[in-house]
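Engineer: Annotated ATP binding site per TrEMBL: A:K110, A:K150, A:E188, A:A189, A:F190, A:V191, A:E196, A:N272, A:E273, in sequence order. Under the heading domain 'ATP-grasp', TrEMBL lists A:114-302.
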There are 2 protein chains.
Amino acid sequence: MKQPLSTHFKIGFLGAGQLARMSSLKAFELGMQIAVFSDRPENEPVQFMTPYSFSGSFDDVDAMVQFAKTCDVVTLENEFIDSSILKSVQEKSGTPIFPSPDSFSLIENKLIEKQTFENAGIPVTPYALIKSADDLKTFGDKHGWPYLLKSSKGGYDGYGNETVKSLDQAKEAFKNLGGDDNRDIIAEAFVDFTHELAVQVARNKTRHVVYPCCETVQENHINVAVKSPAQVDEKVRQRAQQLAIAATEAINGKGIFAYEFFLTKSGDLLMNESAPRPHNSGHYTIEGAIASQFENHVRAVCDLPLGSAELRKPAVVMINLLGNHKRKAVVENADEAVAEPDGHLHSYGKLESKPGRKMAHYTLLGEDMDQTFERARKLTAGIEI
Amino acid sequence: MKQPLSTHFKIGFLGAGQLARMSSLKAFELGMQIAVFSDRPENEPVQFMTPYSFSGSFDDVDAMVQFAKTCDVVTLENEFIDSSILKSVQEKSGTPIFPSPDSFSLIENKLIEKQTFENAGIPVTPYALIKSADDLKTFGDKHGWPYLLKSSKGGYDGYGNETVKSLDQAKEAFKNLGGDDNRDIIAEAFVDFTHELAVQVARNKTRHVVYPCCETVQENHINVAVKSPAQVDEKVRQRAQQLAIAATEAINGKGIFAYEFFLTKSGDLLMNESAPRPHNSGHYTIEGAIASQFENHVRAVCDLPLGSAELRKPAVVMINLLGNHKRKAVVENADEAVAEPDGHLHSYGKLESKPGRKMAHYTLLGEDMDQTFERARKLTAGIEI
């Protein structure tokens, strides 16, 4: 690979949303240029940040090859492109893609992902591949109702998931999720947990750095906030970090990776989901850590030395700011939050706001977790987007 | 002005170098779009960061009006455009420019600048407007030889300045600087100083924040490093901050401003130069302060609340990384610096490196100034650009 600390080096992003945007800001700091490939018809956040903007479908190898040929390295902000397609793009363009297509093939869909991590000795949420109504009943009998049905490929933030309370509901959901059309559907047991934890790991070709174990705060199944470090026993946090490192090694991952865990009532950690990219649970690292997940994403895929994942303050809180209105995007009533010392607003550059859409986030650094969390919630409560 | 926390808000930069680039990164974080107007024939750093790139001369009002009309607010990264031109651009485009043309008119050239600050009670380096050979002799007789001759308009980083040791040299320099062609030339006495200090002030329409008084380190008349806070008496630092605030108020400044002072051997502070824009002496604030000079630049010109100027660590050191070679720009031998915990490399996205050209900088945060400075110098000593 060309020496990356140069304006003559270009990093390409497949996907043009806020994750690629925040990574791009760090690529710019290091002096690189960026290019972006978007699969959306409307203008996306990163497209406002570069003269080098490509559009097309994530199935269209030729379009992505054209894009990749203009770049020195390509990375991704999602996991929805088939590894075989990524492999073709890499081979035909001659431009390396990281995380590699081989890494992607090991987490290709939820079934393969669970098998990969299970084989690496990492405890995962109980699951099964569902092929028939019988399978639906068997799973319920074994793990109890309700449980979750998920389409194995695609789906995020609750989309592509259904909670089923009975066999009838399960059959209906199986159909809705495309099970009758031969889409792989997996069942997942509900886990009785006390905390949802997350860990980010950055890994380049020679080493890794692991971020503190943080805690995601859910309301109505929506992740509304992150606290770092997680307010759980130090041993639990260390164990989560160890599992996250093992998972990254299991897929020979190069880039930034996020892992979500359930901490069960009995004190066990079960891996819930993984993401081979910057993740919402790691947004707090922009100011909260010495080097952010985005900076280490860029560094890792460019084979630069990794930066420190150490926290800057004892308590870091990130609040997700979701759209409240369907309108042209604008952040209102944020003056108090913006004025707060060590409070940091990040707005994603989306054109349109919609209720529930991730539009921005707010990070507050402090000395005490409870106070910092309460203060961050208060400062952001009146924000309208 | 339109509500600035929106993708539908565009901030325009007159000038496309590293100062506009680092400001743009902060504008992006706040969700804005950016546009840029460059007066250079080659591609400039900010032009790689936006699809909205304009080119033209800084004398060409029509070209700048066209640019300004696409923006919601316009700001500058240099002080080389006449205030009358800025006023025309503002009036004809209907787009506000900050710092305002009125503020610029008060620091229009080195002569007016000194008069403005002198009138506000701020001590400045002894100076005189030079009209003739007689004036050259009178100044030397009064303030001693050598002294400095400067063209009143333009000039930076030692360009447009000459040190003169005798009347003959002074006459020659006067001619070289354009004095015979009716360019205003001013003479400035050499000051016997122990430290060169600098302070940044951000000011919006309702309030200001002032950064710590820092210290610039010169070698062969080139600013090679900055230490913050300055290693001088706390009272001197406070006095420098007070003078910087008074200077910003004297020009009713809205934006970010930097002031350089000499600390004389007798303990007095004399203002040397001012800059109505982000300044090299404030680059350390990107990681060194809670909100950087670039963030507060953007906030101030957009009438957003200002961020905290407090230091993140007791000792912050910034090392300027100048080009060593005439070649395509690339930063080499920087692995150790990049790997250092709380060491931060910023590369400016310039295409070509030249010996002495400002290409990048490196910031290191630490607990002790002497150790941090020594470490930063060591880490950057081998970097080649």
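If you go along the chain as it appears here, the first residue is 1 and each next one adds 1.
The backbone N, Cα and C atoms fix where each Cβ goes, glycine too.
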Engineer: According to DSSP, does A:F190 (ATP binding site) fall in a helix, a strand, or coil?
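Structural biologist: In the DSSP reduction, A:F190 (ATP binding site) maps to coil.
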Engineer: Which residue, of the binding-site residues A:E188, A:F190, A:E196, A:E273, has its CB surrounded by the fewest other CB atoms within 10 A?
Structural biologist: A:F190
Engineer: Excluding near sequence neighbours, so keeping only residues 6 or more apart in the same chain, what lies with its CB under 8 A of A:K110 (ATP binding site)?
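Structural biologist: A:Y127, A:K150, A:S152, A:K153, A:D184, A:I186 - these are the non-local Cβ neighbours of A:K110 (ATP binding site), listed in sequence order.
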Engineer: For the domain 'ATP-grasp' (A:114-302), provide the mean pLDDT of the predicted model.
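Structural biologist: Per the prediction, mean pLDDT sits at 94 for the domain 'ATP-grasp' (A:114-302).
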Engineer: What kind of secondary structure is A:E273 (ATP binding site) part of, going by DSSP in three states?
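Structural biologist: Going by the DSSP assignment, A:E273 (ATP binding site) falls within a strand, counted as strand.
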Engineer: Would you give the longest CA-CA distance, in whole angstrom, between residues of A:K110, A:K150, A:E188, A:A189, A:F190, A:V191, A:E196, A:N272, A:E273, the set recorded as binding ATP?
Structural biologist: 19
